[in-house]
Every structure is written in structure tokens, then in C-alpha cells.
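Asker: The following block contains the structure, expressed as C-alpha cells.
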């Protein structure tokens, strides 16, 4: 490698010699220029100056020449310094070339065959050749930049030489001028015309000299460019030879390398390349000692990589499995399952403490509604079939865990998913009073949610009577004095049978809705007429009772009279309410047996309910009217008090007088319409009509029309009595059907041999 570097230095030496040649040529030319100036001086000695202005110009020229001399000296010094710098740069590039060559040798030594990865030696050689070419291109670029710097330096030198020529010319002119001054005396007598001719000749000669000098400059520049190109060619040839030799050496070294190389050495070579790239980017000037420092760093890096590549602790030794313990998860699941049906205490009363709810839940045989209710009450938890009723009866209000809003929204969503009919069933079980026709689904949900949040008794409860019985007694308050033939025992027996016919009655409601829609408008008109008729009847009864009381019942104190009357009224209202419940239940059973009879029964029940509400008003009016009369009469005469006592005593005695009063009603009605048919005739006609009529389509108005056709009379004023007759007939039919059903059930039970079913029916 040392011989190659010497060969590369030779062209630089040639360059220096070639650069010195133009200076020698310039010196010869300057000598020639001096001879020309001497000849010109001789010619000028022959001429005479006209004015003293020439002296001033000469002085100025002298001063300029001095300044130019100084500037030329400074520029020469600068040029010398630049040439020295260029020489130093050339030497530095040589050193860098040597360092790169050594690095390339080291890289070639470090690279080996990659037998594991399937990479051949030829591939590695190709890669190295490509890298060497890239390095050569970089070197060529650097050398071109250096050559351009050299050419610039040559141009500067040429410019300095031109300045020197001009300075020499100025010196020559000075010498000529001094000669002219000495010979002024001799040339004064000569003619002025000769002076002008000489001046013209001198100007022409100066122009010729300047042209010659320009040509000489152009020739010099051409010679310089030729020399620079020759030097470049020589440098390129030397570079190519060096690169070829280096590539050959690298190939030889790679072939000599052993095939059993390790992966650690490959990593070292890769790190070397990265370090070289970073160092080449950071600084172009690089000494030979840096390679050793880079190797130390590379070794440190390889050691760190080896440490990282060391096998870590095996996966089985890690304590990951301790976090996943199946036993704990199973224990948690068992605990949750055990807590499923623990009913927590809420803010309200227990449902078992509310008598109506408790009775309905215990009587409920179809557990579908209860199964749907259970997850709503207990946060989506489904209980066992045997525990559903006990859990529901133990419910006392929602217990919120966590966010109350989210829990409330979930409960409302569950209620919204249910149909309207199921919500009605929930309200029936929980004894929440809702009118099915008018209330919307949203209103039902809000009422249910409010009740379930804090369960409470929805009505007044007295003794063992339930809320439902209390409501029914309030509806039947108008019939205190209208006794029925049915006994209270019938109510209990009918209540036992009501459970059987509930499903059938629910199905019948759908059929009845159509008929009810037609009869709603008529029922309102009928209510008004009935109210008027009942008011008239009540007035007549009061007048008759007053007359009877006047005839002979002993006087009693005013204070004692009202107390027993109120208690007896309560007893009578309870009895009548039981009778009405039996009638309604019988009507529902009939509808279960036949859908046709169900439609009629519902129509009549609706009418009866319509009847029951206005008589409450009448009784209130009646009682208030009586009190007013007693207050007024107590001041005027003692007869009024005796009348009042007499009117209250028959109520104390027994319910028999009320029955007699009820019997008097049809007699009075018959008396009013003497020409009209009697109740017996109407009953017979109604029975025949009911046998013919299709219950799915027929309504109460249709029956009235048929009766009107038979009797050829307008029976609208007797609507109430006709309704009562129809209801009685329907209840009879229902009782007959129930008896048949009972017989069938008993026969089935006897066949099955199960006695438990009978107990459930009694319960």
C-alpha cells in the first residue's frame, strides 16, 4: 500500500513543476516588454511636451504604481498561503485513503460466510464490491472538489502576474518620462505637428502591445486547463488502480477466511459499519488512532448484546399460575348462589301482611304470573318453583345496591317489556286498582313501580275482611234494603270455584269488549233514567215509613237512635256485598263455560256496576235530607223525633223488613204500569230469547228490541228490572254449568285416586 501512495504523490509534484513554468514564461515576456519600453523611450526623447500637465500625470502614475506594488506583494503572500493549504489538504486526503484502505482490510477480515442463514460467499463478495464502489464514488467527488480548488488557485496566480506586468509597464513609462524631462530643452525648437504625429504613433503602439498581452493571457489559460485535465486523468488512473488492487486483496482475504465463523463476529462487523458511517458523517478528518477506539466500543456493544441474548428464567418458573386459582372462583360462585333467594328487608310492609295480596298469591294456581313477577322483584333472579310464593310474600320493597338510578331503570325496562295484559295481572295480584279501559301502559308501570318500591295497604282493612270485599260492599251500599234469595254461604262456595273459572273469564273478556263498546253509550243514558226512578221510589218509601212510624212505635232519645242504625247499616252492606260478589263470580263462571253467555254476563255486570254507583249518592242525599228534617222538626214539634226513632227501629229488628220492602218494589212497578206485562211474563220471555240468541254477537239492546216486538210496547223505562232478570237467569245457567264441571272433576279425581286436589279446591 505504501508504493501506491508514492505513485499518487508523483502527479502532484508534476503539478507543482507545471505551475512554475508559466511564471518563467512571464519573466521572459517581461524582459521583452522592457526592451520595447526602451525603444519607446528613445522615440519619446525626440518629442517635446507641450504643457506641464505631463509632470502631474507622471506623479500620479508614480503613486499608483507604489500602491499597486504593495497590493501585489500582499496578494503574492496570500497565494503562497493558499498553495500551502492545498498541499496540506492533498496530504490529508492521502492519509484518509490509507485509513479507509486499512478499514476495508479489517472489514474483509471480519466478514465470513453465513452458513446458517443460507447466504453464500459470492453474495458477501458482491455486497462488499458494491460498498467499495460507493466509497470510490465518494472519493472521486472529493478529488473533483480539490481539483476545482486547484484551478481557482491557478486563475488567481494568473491574475497576479497580469498585475505585475502592468506594474512593469508603469515603471517603463516612468523611465521614459524622466528622459523626456532631461531633453526638453533640445526638443523645444521642434514643430508641434511632429509631436502630434508621434503621439498618434505611440497610441497605436500601445494598442498593439495590449492586444499582444491579451493573446498571451488566453494562451496561458488554455495551457493551464490542459495541465489540470492531464493531472486529473493521472489521478483517476491511480485511483482506479488502487481500487482494483484493494478489491483483489479483499477477495483473496475473504476466500482465505474460515467457514466456521460465529454470529458474534457478524454482529461486530455490522456495528463497525454503523460506527464508520456515523464517523464519516460527523467529521471528514479522521486519524489512524480512531479505528482502535471504535473497536473498543464495538467490543463493549457486543458484550452487552451477548448479555441480553443470554437465556432468561424459563416460563414455568414464573409465578403466573398462582394468580389463577380455580378453587377461589368456585367458592365465590357458591356464595352467590346461596345468596340468591335471601329476601332483604325493604322500606314497605311485607306482602304477606297485606291480606288481599296474601290471599291472591296463595290462591293463584297458575304460576306464570308469579314466575314473571319474581325476577322483577328480586333483580332478575329466578327462584325455585316451591319457593316462588314464599319469596314474593316475603318481599317488602326494593333494596338498591350501587347506583339507584341504573337499578330503577332496569326494573322499569323489565316492566316495559311486559304486555299490558300481564301488567294488569300484576296489578290484580298486588291489589292495585286500575281501570283497564282508560289507563295507559305508562301509568300502570308507574303505579306498579311506586307500589313495589314501598308496598302498603291500598285500602282500609277492618277485621278479617279484605280490601276487595270492602270495595264491593261500597258498590252494593245502594241495596241495603233489597235482600236477595241467595245466602252468604253461596258466596263462600262461589269464591272457591272462582279460581277455576279465572282463566276462562280472562279469555271471555276479549269477546265481551266488542259488545261493551256498543252498550257504553246506552248505559250512560240508562244510568240517568235509573237515578231519576230510584229517587222517586226513595221519596215514596220515606213517606210510607213516616206514616207507619206515626201509627205506633214508642219514642226514644235522639242520641241513642243514630248509633245502632249505623252499625246495622254496615252489617247489611256486608251481606249485600257478599251476595253481589257471588252473582258476579257466577256470571264469570258462566262466561268460562260458554263464550256466548260470558258476553251477556259481562254486559249485565257493567250495568249493575253502573247502577251501584249512583245509589251511593242517593243514600248520602237521603241521610243528609233526613238529618236536615230532624234538625228542623226538633225545634217545632216532638212528633218529628218520634218519627225518626220509628224509622230507625225496624232496621234494628232484623233484615226482614228490608226484604219486604224489596218485595213491594215490583208490586209498585206493576201498579204504575197496569197494562204492562208482569215480571213473570218477562222472565219467561227472556229465558226463551236467551235460548235463541247467539251470545258472541247479541247485546242488551238486541234483547230489549226482541221483547218490545213480543209485547208491542216500549220497555225502556223497565230496563233496570229487565237487566236484573237477565242476570238472575245467567247466574242460574252458570250454576248449572259449574255443577256439571264439579261432577266431571270429582270423577277424574276418583279415577286418579288423589285426595290432595280436593284440599286445594277448598283452600
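The first residue you see is number 1, and the count goes up from there.
The backbone N, Cα and C atoms fix where each Cβ goes, glycine too.
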Asker: Between the candidate ranges 284-291, 316-323, 324-331, 332-339, where does Swiss-Prot place the motif 'Nuclear localization signal 1' annotation?
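Answerer: So the range that Swiss-Prot calls motif 'Nuclear localization signal 1' is 284-291.
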Asker: Limited to the motif 'Nuclear localization signal 1' (284-291), I'd like the whole-number average of pLDDT.
Answerer: 46
Asker: How many of the residues that make up the DNA-binding region (694-708) does DSSP mark as helix, as strand and as coil?
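Answerer: Taking each residue of the DNA-binding region (694-708) in turn, the totals are 9 helix, 0 strand, 6 coil.
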